[in-house]
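Asks: Below are the structure tokens for one structure; questions will follow.
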């Protein structure tokens with residue numbers, strides 16, 4: 001299948017005999033955005049959200065009102081985990097049509113995502129966001145976008161959907177479920193610097209890593225070795241390189257977790273995470289192991 005701006009333009013215009021009237025350049029932000037002329041910019045390599053998208057140039061200001069590439073880069077990174085969740089095959093296409101709308105020489109108008117593209121992505125991805133405590137934002141409400149009989153970025157046809165045989169995403173090492181006996185649990189506890197029962201207050205993403213801010217009042221300390229109370233007062237843990245893998249074990253921001261990890265370069269890095277399920281046999285074993293821990 002041909003790729004690039006030309007093929008994308010053909011896809012967008014396939015059901016149109018003419019371009020029709022412009023629907024306005026900007027959907028969001030201050031009214032004066034609509035008077036600012038957009039211009040084409042190369043999509044930078046460090047715009048990870050849109051890495052591998054099938055066009056090279058984007059418009060600024062974009063459809064979210066970002067006027068500089070710095071603004072785009074700062075805001076786009078927070079959406080990478082949603083793409084990594086693979087809740088819908090067109091999540092990246094939808095988000096990039098807003099953060100980095102395609103810029104075509106043949107067209108002065110900024111092309112918006114179609115209403116149906118938004119609806120399909122929202123239906124599949126809003127529950128994933130909700131599990132982490134984040135509602136679908138107002139700025140992405142689908143009523144803002146044109147119907148499919150207008151000029152817009154469409155939902156992929158079934159020919160373009162990810163095949164069922166697509167390789168499963170890699171699971172983060174710290175999040176892999178393991179069948180451990182008491183000796184295994186003791187060994188894991190002893191080789192780590194800390195073991196905590198936590199609840200999550202906030203999750204943010206910095207570069208390739210997940211920053212986990214803890215609810216301080218719900219924290220239970222089981223083990224500290226080389227980690228001070230002062231370190232824990234920061235109430236910040238890190239899951240390294242987590243944007244390159246998935247962590248289904250930690251997909252509910254309201255659940256308690258047992259986390260173990262090590263102090264690395266002044267940061268508390270998680271090496272093991274388990275959702276705490278009261279009464280489950282595994283956690284009864286872990287509690288027993290912690291009480292008689294002798295490393």
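A Cβ is built for glycine as well, from the same backbone N, Cα and C atoms used for every other residue.
Dumping what Swiss-Prot says about this protein:
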DISULFID  40-103  disulfide bond
DISULFID  50-96  disulfide bond
DISULFID  87-125  disulfide bond
DISULFID  114-152  disulfide bond
DISULFID  118-142  disulfide bond
DISULFID  172-245  disulfide bond
DISULFID  175-247  disulfide bond
DISULFID  190-295  disulfide bond
DOMAIN    35-155  domain 'FZ'
DOMAIN    172-295  domain 'NTR'
SIGNAL    1-24  signal peptide
Asks: So if I draw a 10 Å sphere around the Cβ of residue 295 (disulfide bond), how many other Cβ atoms end up inside it?
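Replies: Result for residue 295 (disulfide bond): 10 neighbouring Cβ atoms inside 10 Å.
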Asks: Is it possible to list how many residues within the domain 'FZ' (35-155) are helical, extended or coil according to DSSP?
Replies: 52 helix, 13 strand, 56 coil
Asks: Where's the emptiest Cβ shell within 10 Å among the disulfide-bonded residues 96, 245?
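Replies: Taking 96, 245 as the disulfide-bonded residues, the minimal 10 Å Cβ count falls on 245.
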Asks: Roughly how many Å separate the Cα of residue 152 (disulfide bond) from that of residue 118 (disulfide bond), to the nearest whole number?
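Replies: Counting only the Cα atoms, the answer is 11 Å.
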Asks: Near residue 172 (disulfide bond), meaning Cα within 10 Å, which of 87, 103, 118, 125, 247 (disulfide-bonded residues)?
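Replies: Cα filter at 10 Å returns 247.
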Asks: Using C-alpha atoms only, work out the spacing between residue 295 (disulfide bond) and residue 125 (disulfide bond) and round it to an integer in Å.
Replies: 44
Asks: Restricting to the disulfide-bonded residues 125, 142, 247, which ones have a CA within 10 Å of the CA of residue 114 (disulfide bond)?
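Replies: Of everything listed, what lies within 10 Å of residue 114 (disulfide bond) (Cα to Cα) is 142.
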